[in-house]
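Features as listed in TrEMBL:
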- 12-30: transmembrane segment (TRANSMEM)
- 50-79: transmembrane segment (TRANSMEM)
- 99-118: transmembrane segment (TRANSMEM)
- 276-294: transmembrane segment (TRANSMEM)
- 301-319: transmembrane segment (TRANSMEM)
- 331-353: transmembrane segment (TRANSMEM)
């Protein structure tokens, strides 16, 4: 790694760390005062409250990464400009691309890490934080979080009606299974008090199987019956989960299944695209930060650059939220609604870059 590259990266990464943890600290202080009354009202322990906020920290930091990249770019280059170091580089024939490349490379790596962190540590810790809030602070019955009620589910060859699903024991209670032929005519119906997942298959307990023939209906009563079903407990576990609670691959599979079954999957498609579009904000804001820093370095200062960049970032976020809302409502296709902001601000960042170099 060249000396100049290491020098620029050291400036950028140091300010990135300060901006990121500064953002996280401010967010946690605001969140603490918003929820402090609830903690006191429910007489929850300070240890539980502290655990809740600590578990939320990875998600908070993950959400603040793009803004931290923007501020680190502006402040890092702004200080180099103020110290006349960029002037010295230009005098030595070192172009903008040479000292901007390490920042853009770091922003690209950070974008990838943002996606990975969002799909692993941040999501898992946020789920645990919600469990701490629901069960330890608000005192809700823990068992309620493990039960799903009144489920209708379309499988590969059967339609399920489930009165209650116990996630922990992997048991379906009050089950009706409707088996259809290729013409969607009912050929069999199974009623059972309970379906249990045993090993790698379902077993039905205390029920009856009805076979619908052309002229008569056959009935078979059973105590225990093994079933050859394609579905597993994992297919039922996430049925009532919000899109934000699923990781990207779970969300992709569930969205594809909804679309194959003919259901409206717009909110899930929007969430899928947003999970990819959001991390790329870091690269786009880095480009904008470099362009703004070059321009304000000549005609303004660090403070002016930060103000302009924050305004641009605020508008950027508003465009993303508006596009996502329109896509969720079905007014825009999810691809257009989510990615319009990234395309627009990529073009804007490139335009500012070209203008700054003239």
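First residue shown is number 1, and so on along the chain.
Even glycines carry a Cβ here, placed using N, Cα and C.
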Beyond the flanks of the transmembrane segment (331-353) by 6 or more, those residues with Cβ under 8 Å of it: 266, 269-270, 272-274, 277, 280-281, 284-285, 287-288, 290-292, 294-295, 312, 316, 319-320, 323-325
Stretch among 12-30, 99-118, 276-294, 301-319 sharing the most Cβ pairs under 8 Å with the transmembrane segment (50-79): 12-30
